[in-house]
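Visitor: First the structure, which I've put down as structure tokens, then a few questions once you've had a look.
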Amino acid sequence: MIHHYYYQYIGSMKLRKSWWKKLLVAWVVFWFIFCFGVFWFMSSYAVEKRKESLASMCDERARMLQDQFNVSMNHIQAMSILISTFHHGKYPSAIDQKTFARYTERTAFERPLTSGVAYAVKVLHSEREQFEKQHGWTIKRMDTVEQEPVHKDDYAVEKLEPSPVQDEYAPVIFAQDTISHVVSVDVLSGKEDRENVLRARASGKGVLTAPFPLLKTGRLGVILTFAVYKRDLPSNATPDERIQAADGYLGGVFDIESLVEKLLQQLASKQTILVNVYDITNPSHPISMYGSDVSGDELEHVPLIFGDPFRRHEMRCRFKQKPPWPWLAITTAIGILVIALLVGHIFHATLNRIAKVEDDYLKMTELKKRAETADVAKSQFLATVSHEIRTPMNGVLGMLQMLMDTDLDVTQQDYVRTAQASGKALVSLINEVLDQAKIESGKLELEAVTFDLRAILDDVLSLFSGKSQEKGIELAVYISEQVPDSVIGDPGRFRQIMTNLMGNSIKFTERGHIFVTVHLVEEVRDFIEVETELSLRNSLSGLPVADRRRSWAGFRAFCKDMPSSLSLSSNSLVNLIVSVEDTGCGIPDEAQSRIFTPFMQVGPRSGGTGIGLSISKCLVSLMNGEIGFASVPKLGSTFTFTAFFSNANSSSTKKQPTKNQNSSASAEFQGMTALIIDPRQVRVKVARYHMLRLGINVEVAPDLNQGSVIISTGKPCIDMVFIELEVWNEYLKDDSSSINKLRIVKNGTRLPKLFLLTNSISSVRTSNSGTSDFDTPCIIMKPLRASMVAASLQRVMGVGKKGNSPNGVLPTLPLQHLLRGRKILVVDDNTINLKVAAGALKKYGAEVDCVDSGKKAIEKLSPPHHFDACFMDIQMPEMDGFEATRKIREKEHYINERIHHGEETAGTYKNISSWHVPILAMTADVFQATHEKSLECGMDGYVSKPFEAEQLYREVSRFFNKSSEQ
């Protein structure tokens, strides 16, 4: 079509051939002139930029050289004042050669360009003989070496000739070790040095020599000289007065070649240009101080000011390489010209472009398909790896659980528990890697169920209680009273965040405490100064901690311009701020910037996968919150995050089963009063928090004396006393005082029950002296949890129910009652998994039948059958669980339809008019997509491997409870 319109348009044009040629020639000439102008402009611009770059680099080097020289000059001038004060101003002198050498060696870094410093004292001819006897050497002449230079290895100061007779001498008496060979040399006997010294003492300023070969080394150098005057010389003294007041001359030796080279080594671009330093005091005969003589049009001249107005210096720079060809200008001009020449072929170029776009589109489509295929392959790979790892782990953990149900001695039980813990740790590691994969693919989603925040944190405390007690560190949780009892969110992911943060704290904390606090954001905003003033008296363990305010410094919720609707909680929305504070080793400064980077670890001893914090940050983001931290090495860390939840009291949603032990236990302790004796306010706040959860009134005393007074008055009546370990230890130190305090307590109508709060049982001090007439305190191990405290009170005080099962484990009898006589089919191609599932269900009285393929499952579950439920593995050979479930549902639907339409009677199918056997997916694939696919194909539930007996029970009991209700 384009070709058609193109040739139709060109064919209809009435243009003369000669006019077209003239237009084409004019077009070519115009663009040729234009391209030449572009070439000239760009070439000139490149030359100017090259000059500017050379000037900038040369000026940079000149500034560095001047700055370093000024630093050295100022320090030499300061040394001249030091010598005037401590050598000439004190008698005897406080400076000798050894002191001078040591001082100059230690302060050499303050004179970065000097290779040595020496001091020559002023000696009159009349004082020469006495001076030489005093120092034990003869004043040597410098001119000899200048006239007859020797090799540096043959140089010896003893071979120098004595200085000739003159009115005044300036022998070197002090010298830095690097130039100690100049000691005894008369600097006034050398031509350059003599002129230098005379100008220095007359002007009172530092003066430079012309470049000359240095003694011994023979390298080119200069000497900066300052005159040392009497201390009482006025600042406005005349030159004659300065000459008379001069006591000596301090000189700094500059080895120009080596020092300039070292200075230039600091610059990354030192190889780009050549640098030369010249003494241009005599403009017609400049002296090269550094580098070889250079000439050319590209030279850049930068004056150098070294503080001596008499001598002038200059730095000259040029590029090492010749200017490159202006390829950019050439290519640009040629390119423009080529484009202009190709305008006549615009339609041809357009067609080529269209064809190219079409090809590119096809390639992009192909690349997109490949990328999508690769993403599917990645997900499938992770699912397969997950399945292949979790399937044998299901067998291992299942068999270990079955082994625990056999008769084992204590040692064997310990071995089995250790193996179970290791297996669960491996499963947890697999879950972390899979969570990271879901995060990267954007497939991680949160649930919305009602849960008890306090119960979740109690469970997490229980998880780490053993490790904290083993280490003897304080572990505590405090939740503000303003935080609702129940919120709506994802309890599993909230628990995962807390487990990651507290797990890190436990891992890196060897002493002190770990303190978890939960508040509403507006609470912290209103009382931010009060809540965060930390000291030794109001931290949990008394140790200093990192300032938690730094952990939320950048949060949007604390910005002044943050909308109140997003930062504050409301009746329907709760914005929580959670802090985990520890006194561990802290995070190194260099590792803090990458703490949330996946698979990054802060040190070799950190262990783990390095993705826990990365996953936590993603989960916090999904909760519309933020996470941050404050850490000080060797002091501790504080991690803080915010999260939005819905208020359960104002929303209706599905609820997560929660334990009601606390609510039932609180009724048993209503009206009771507890006395907490502890001088530390934070610990009192934690203990009060757990007591109030049980409905117990709380009184507080900072020490045992005040506690005894409260108990003895009987108002209020104290039922129980909680004493902190350190207070109890003080209580046992003095027997007489202990007895007196206990007598005060015993004067009451009844003795309150005593409870001792401690972190570690090994740290409890036991003593029978003075307590034989009284009950021994009951020990409550920290961390405190409401259920644990309630159990201890019930046991000691004899109240409450005593038939509760330990650790919240479901009693076996109801399980057997629910599953006894139930017929359950287990389908799995793995023999071990069949054993595990069958063993778990048979344990509670169920009758289990096992098959190893989907086809056999279809045969077994074809109505009529006698099965109450089916556990179906998803990944099986020949026919997977999805396909088998579809076929089973198709058969059930077909039979139900026939019964409904009267084509079949219900009596043929055991008088069941609606067949639907509960089928639960049983697989090691934990991806959400697999869960959704299992529901789509007709399955009723989902069980992830590795599973436990209670997990199997809960899934089956959902349907049995429904059937019993119906």
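A Cβ is built for glycine as well, from the same backbone N, Cα and C atoms used for every other residue.
Automated prediction, rather than curation, is the source of TrEMBL annotations.
Sharing the feature lines straight out of TrEMBL:
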DOMAIN    91-316  domain 'CHASE'
DOMAIN    384-647  domain 'Histidine kinase'
DOMAIN    673-797  domain 'Response regulatory'
DOMAIN    823-960  domain 'Response regulatory'
MOD_RES   D873  4-aspartylphosphate
TRANSMEM  24-47  transmembrane segment
TRANSMEM  325-347  transmembrane segment
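Map the listed features onto the structure and describe their local environment.
Guide: Summed and averaged per residue, pLDDT over the domain 'Histidine kinase' (384-647) gives 81.
Taking Cβ-Cβ distances under 8 Å and a sequence gap of 6 or more within the same chain, the neighbours of D873 (4-aspartylphosphate) are V827, D828, D829, N830, N833, G881, M922, T923.
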Visitor: Residue list, the transmembrane segment (24-47) vs rest of chain: Cβ under 8 Å, 6 or more residues beyond ends.
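Guide: Sequence-remote neighbours of the transmembrane segment (24-47) are 323, 326, 328-330, 332-334, 336-337, 340-341, 343-344.
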Visitor: Tally the residues of the domain 'Response regulatory' (823-960) by DSSP class, grouping H, G and I as helix, E and B as strand, and everything else as coil.
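Guide: Grouping H, G, I as helix and E, B as strand yields 64 helix, 24 strand, 50 coil.
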Visitor: Is the number of Cβ-Cβ pairs under 8 Å between the domain 'Histidine kinase' (384-647) and the domain 'CHASE' (91-316) three or more, considering only pairs separated by 6 or more positions?
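Guide: Contact absent: fewer than 3 Cβ pairs fall under 8 Å.
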